[in-house]
Amino acid sequence: MSVRSAEYPRPKHFLVHLSDTHLVAQGELYDAVDASTRLREVLSGIVASGARPDALIFTGDLTDQGHPDAYAELKAIVEPVAAEIDAQVIWAMGNHDDRSTFRSLLLGEDATDHPVDNVYDLDGLRVITLDSSVPGHHYGEISDRQLDWLRSELAVPAPDGTILALHHPPVPCIQDLAVLVELRDQSRLADVLRGSDVRAILAGHLHYSTTATFAGIPVSVASSTCYTQDLNVEVGGQRGRDGAQGCNLVHVYDETIVHSVVPLGAHVTVGEPVDADEGARRLSAAGIRILESEKAGRSIV
């Protein structure tokens with residue numbers, strides 16, 4: 001029997017994209033949602049799947065009011081999971097976050113109110129977090145100084161390209177009220193990104209999953225882990241709901257990046273369940289193999 005290789009090898013990099021955890025210091029979020037429990041449920045699903053991402057990337061609104069106790073609980077929930085699956089944690093600021101508390105408690109840095117912009121190297125894949133928050137407001141904006149910094153960072157391409165992570169997505173708002181809190185002056189950001197090695201933009205803020213392109217770059221918005229927006233609401237209206245939470249899987253290949261939505265919750269099994277061993281047996285029986293990517297470092301599961 002001849003052996004055929006699958007059209008694509010395994011991904012070079014694997015990330016999990018989470019957003020809008022909105023943890024509170026005590027009680028339930030808006031007296032309706034246990035945000036901590038929802039986050040634990042999402043992370044438990046990742047661990048149970050056997051997935052081993054390079055990084056967990058959180059795109060802002062990590063707490064609802066920027067309270068130190070909420071950040072402490074966030075670390076207590078996320079860091080043990082990250083250690084268990086050997087994943088780096090990458091935090092980005094959101095409009096509900098507090099810069100000084102974010103810096104001191106999550107990054108271990110001096111508490112300042114300067115924008116929280118950082119660069120991470122994941123075995124050749126560059127991840128840049130860009131702070132789109134405006135203290136005291138819920139809309140997003142990126143300053144001239146930040147844009148100059150970003151342009152400088154992007155001047156030298158990374159071996160496997162760059163992923164930009166920020167809270168406010170540079171996409172059209174399909175809910176009218178969301179225009180109040182959109183990212184402003186987006187064309188200035190587009191001018192910096194156009195022609196760069198940025199391969200994908202990860203964002204949150206909207207509390208529903210969506211995709212678009214910006215300056216020719218794919219944009220992937222992750223739903224919230226705490227509550228989401230009902231997109232079947234009356235046109236022109238808005239309604240949050242305790243449902244449809246989740247995260248996104250981001251598989252990075254040489255020529256493309258795949259973003260996949262993972263909804264929270266267990267559902268009735270349809271058809272025959274197949275475990276990993278049986279899946280491998282069937283591929284072998286069919287004479288198909290999936291090649292490993294040419295990556296120096298950890299293997300992708």
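Cβ coordinates come from backbone N, Cα and C, glycine included.
Per Swiss-Prot, the feature Fe cation 1 binding site maps to ASP20, HIS22, ASP61, HIS207. Contacts of ASP61 (Fe cation 1 binding site) defined by a Cβ separation under 8 A and a same-chain sequence distance of 6+ are given as SER19, ASP20, THR21, HIS22, GLY94, ASN95, HIS96, ASP97, HIS167, GLY204, HIS205, SER224, in order along the sequence. In three-state terms derived from DSSP, ASP61 (Fe cation 1 binding site) belongs to neither a helical nor a strand segment and is classed as coil.
Of all Cβ atoms in the protein chains displayed, 21 besides its own lie within 10 Å of the Cβ of HIS96 (AMP binding site). Secondary structure at HIS96 (AMP binding site), as computed by DSSP, is coil. Annotation comment: Swiss-Prot describes HIS22, ASP61, ASN95, HIS96, HIS207 as AMP binding site, evidence class similarity to another entry.
As annotated by Swiss-Prot, Fe cation 2 binding site applies to ASP61, ASN95, HIS167, HIS205. Taking all protein chains in view, 28 other C-beta atoms sit within 10 angstroms of the C-beta of HIS167 (Fe cation 2 binding site).
Within 10 Å of the C-beta of ASN95 (AMP binding site) we count 19 further C-beta atoms, all protein chains included. Around the Cβ of HIS205 (Fe cation 2 binding site), the number of neighbouring Cβ atoms within 10 Å comes to 29.
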